[in-house]
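A short write-up of the structure that comes next.
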């Protein structure tokens, strides 16, 4: 051990008595300073501007600044990692070749120094220098403590660990390359090439099962991603230790082969043995059953939400089977092919495998095409060709065996995916029950660029499996020209209810929908809610009685009306102590037509559920500037009046701005002169409710009724998903959607002014590097004189 430390000290002297190590350290410091200031200076300036206009306002209240500042593209850590491969090869290129060129390698071979002491001593010196680079990053991590309120140091320390392990792996590669040649430039180039290969190997030969797992294990680029995001996995740490050990082993074997005269096959077997031990150990340790995780982030950002974990816990050790159906002729087929399997398991299921490592995965490949699926685009690309001919051409293009894919006739015997549009889809199976887990088109889900559902969609599917009794069933009334959940026209509701290609829609968050004609059927007792959406003709007495009886028994409802049709709903609403007021609410503005009213949310609806945008609005009510909030556009809305009649508790969900809105009596004409307030014609100015929520206790159940003066706000054109989902969460008594509320970030405030940051920018970018440069110059000059 003493000899190893002596070698490390000697190597460190060699490093710091050469200008390369000092140059790299200064360049790395300048790079970190530039990108730290590039992010922090604009943030501090923006904070100053907003605080001048709104004193005391926290501009970044809802944003975790640590991650967005350090780890986003363009952040300091990301840039450091992107350029890291330029630094280490220059540092390691002469560590062993210098001994050969100087002739000292022969002395070392003949000395009592063991080869492993030589290799490990040099590598220990490199590890110490790498700590210097981490220390430079640490300067800015400590600085962030004074610039950001309560920075997430768990996230930063995890990222620093990933950074250190990566540069140590680069160092081991560079040390090995230095032992292969006496030419330092060739050593540096060789290091670049090996790093490049390891950074790309995870995308090669992914179609072959064993080779796919082997190359994915050796894949370097994806290993730091988890730690940069704040998740420490044992398989990642073991991977870096294996890579370091493998290249140090190669170096040791190389030096031993140079000293000893052995047959070529013995020398080759030594390298094979190093590779075999490394790959086998790393491969075994990368299984879900052998992987340990630690999430040190402040809010456990990389861990399943406790609501999802509870569902996984309820499944326990019972079998959960996930079948991925991939259509070779589908739009998202590239994400489901064998070559993308590891990416699928990592991006979609790794967080679930952490808590349930025995999930069974199955894969079914098939081909099917119908022009209605993509408006005939593939038919245009392959004119006159059958399904099989198109599949053969695409399989040839992707170098796939067509025998892997089932024909449409074979698929009919297994499952009918016609209602799902033959898209890339997963089917979950648990205790004989099945649920579809849909994908949502390229780039519409997290992580950006892939089609996999977000955790909230997956949690909804799991809850439907585990608790089928909780599935909410919503019925839409028909027979009076109401809004349709099956049509995709501008005024209809298909996009927000039954569209299976959007992860925000209610069907993808656990709900079931159907329609009911009150003229021919009674309202079932087992439904969650009845929706009466903008009827255009009067309800019959029998239909009104059915609805009244349903309400009196405690049934939940959503009732939506429109200006000009108040008399259709008012007879029904009168028993609730609610009326749609005559006239139309108008809000003239420079940019919009006067009927485009911007309604303000109230705490009554903002505090319902955990929709992220509604939570943000809810926090605004407790801030210094509660009026600075998001508004809901309601194109043509009737004001709502309510009294304390009956035992319902009534609260306004939405209110208009009293300074800019009034009720226009009579017919509203928008295509002529500007709309003016005319009190002599009955116009009334004020703040009017445009949405009202009613609740009461009926037996053991809490009854909820939502009444809206507008039916366009959730139409296919408007898509107010966040408000619509909140309403349905309330209507379903909190059953669905399965919200996953995260604690508000604590690192959400900039604690420094823009002027101070400009001064610090000069210090970190110019003064500090200049001081280190002067010290290095003095040290090197004095060394040269001696």
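Even glycines carry a Cβ here, placed using N, Cα and C.
Per TrEMBL, domain 'ABC-type uncharacterised transport system' is recorded for 503-718.
Per TrEMBL, the feature transmembrane segment maps to 20-37 (among others). Outside the transmembrane segment (20-37), and at least 6 residues removed from its termini, the chain residues within Cβ reach (under 8 Å) are 74-76, 79-80, 83, 87, 90-91, 129, 132-133, 136-137, 139-140, 143, 757, 760-761, 764-765, 768-769, 772-773, 776, 780.
If you look up TrEMBL, you'll see 75-96 (among others) marked as transmembrane segment.
Per TrEMBL, the feature transmembrane segment maps to 123-147 (among others). Outside the transmembrane segment (123-147) by six or more residues, the chain places 4-5, 7-12, 15, 21, 25, 28-29, 32-33, 36, 40, 44, 66, 69-70, 76-77, 80, 87, 91-92, 95, 153, 156, 160, 163-164, 167-168, 171-172, 175, 248, 750-752, 757, 760 with a CB less than 8 A from a CB of the stretch.
The annotation transmembrane segment is assigned in TrEMBL to 153-173 (among others).
What TrEMBL records for 185-205 (among others) is transmembrane segment. Sequence-distant contacts of the transmembrane segment (185-205) (same chain, six or more residues past either end, CB-CB distance under 8 Å): 85, 88-90, 92-94, 97, 170, 173-174, 177-178, 211-212, 215-216, 218-222, 243, 342.
Marked as transmembrane segment by TrEMBL: 237-256 (among others). Long-range neighbours of the transmembrane segment (237-256) within the same chain, counting only residues 6 or more positions beyond its ends whose Cβ lies under 8 Å from a Cβ of the stretch, are 96, 115-116, 118-120, 123, 165-166, 168-169, 172-173, 175-176, 179-180, 198, 217, 220, 223, 267, 270-271, 274-275, 278-279, 281-282, 285-286.
Outside the transmembrane segment (268-284) by six or more residues, the chain places 213-214, 217-218, 235, 238-239, 242-243, 245-246, 249-250, 253, 256-257, 290 with a CB less than 8 A from a CB of the stretch. Residues annotated as transmembrane segment in TrEMBL: 268-284 (among others).
The transmembrane segment annotation in TrEMBL covers 762-781 (among others).
Confidence across the domain 'ABC-type uncharacterised transport system' (503-718), taken as the mean pLDDT and rounded to a whole number, stands at 90.
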